[in-house]
Ligand code: SAM
C-alpha cells in the first residue's frame, strides 16, 4: 500500500498523475508521519467515531483517520485530486469522499445523510486550507452544533488568535466566538518543513472541544455578536465611542446607562472585555435600548 506520508512516495504519486499543486486552494500536503500521529492523539479517536475531514488532499491524514475511526467522511473541493486519493485509499472501505466546498456544506446534514443519525455527534479533523481558515472555523462552530470536537491545523498566527487573552493584540472577534462555543487549546506547534510544498509560515494544531451550551448565557445571541463585532472593529476607540457609532439611534447618555448597568467602565477599550463582560453588556443593551 502506498504511504502518503513518505515524501518520496508523494512526489512519485504527484508526478505519475501529472498533478499540479494548486496554491490558491491551500494545497500544502503533510509529509511527516509523526505529526499525523500527534494529530490522531489530539483528536482522541475511538473505534465508534465518525470523523469529518476537510480537504483530504492525497490522503496522508485520511488513511490514519480511517484506521482509527469507524467512518471518515472527507470533503474535497478539487476533483483533480480524486484519482490520487483513490490510490492512497485503496482497500479502505470506511471512507466516503464528497466532492464539495466545505464552506458551502451543511456538515450536520451530510453526517445525518451518510450515517442515518446525528445522535453520536462527530469529530472534525483537518489540515485546513489556509486561505479560508477563519471562515471555516466560524462555519464549523456557528452552524454545526453536533460536532463534538474540532482538531485542526492552522497558521500559528491563527492559533495565537484563537487562544488569546483579553487586552492582547491577538484577542479579537475570532477569540470570543471560538471560546463562546468551545474550549480551545493549542495542542502543539508544527514547523513549515513538514509540508510539500512548504508554506511561508509555521503552523499549530488547535483542539476545540465544543461546549454542550455556550460559555455564557445571553438573552439575545445576535445582539451579543453585534456588540463583539463593534468592539473590535474600532479597537482604538473607547468602548463608549465604539458603541455610539454602532447604534446611532441611542444617545451617549443612554449608552452610559447601559454600561453602568453592565458594570463596565465606559473609557475602557472594547478589546479588553472578557466573555462574561460582553455577555453582561449584551444583556443590559437588550434590556435598556
Ligand atoms: N489533508 C491533506 C494533508 O494533510 O496533506 C491536505 C491538506 S491541504 C492543507 C488542504 C486541502 O483542502 C487541499 O486538498 C485542498 O484542495 C482542499 N480544499 C481547499 N479549499 C477547500 C474547500 N473550500 N472545501 C474542501 N476542501 C478544500
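Each residue, glycine too, has its Cβ placed from N, Cα and C.
Sequence annotations record features per position, and here TrEMBL assigns S-adenosyl-L-methionine binding site to 28, 30, 55, 76, 101, 127. Long-range neighbours of residue 55 (S-adenosyl-L-methionine binding site) (same chain, six or more residues apart, CB within less than 8 Å of its CB): 26, 75, 76, 77, 102, 126, 127, 128, 129. DSSP classifies residue 55 (S-adenosyl-L-methionine binding site) as coil under the three-state reduction.
What TrEMBL records for 35-212 is domain 'Ribosomal RNA adenine methylase transferase N-terminal'.
Taking each of the binding-site residues 28, 127 in turn and counting other Cβ atoms within 10 Å of its Cβ gives the largest count for 127.
Of the listed binding-site residues, namely 76, 101, the sparsest Cβ surroundings within 10 Å are found at 101. Counting only residues at least six positions away in the same chain, the Cβ atoms of 5, 36, 57, 60, 61, 127, 153, 194, 195 sit under 8 Å from the Cβ of residue 30 (S-adenosyl-L-methionine binding site).
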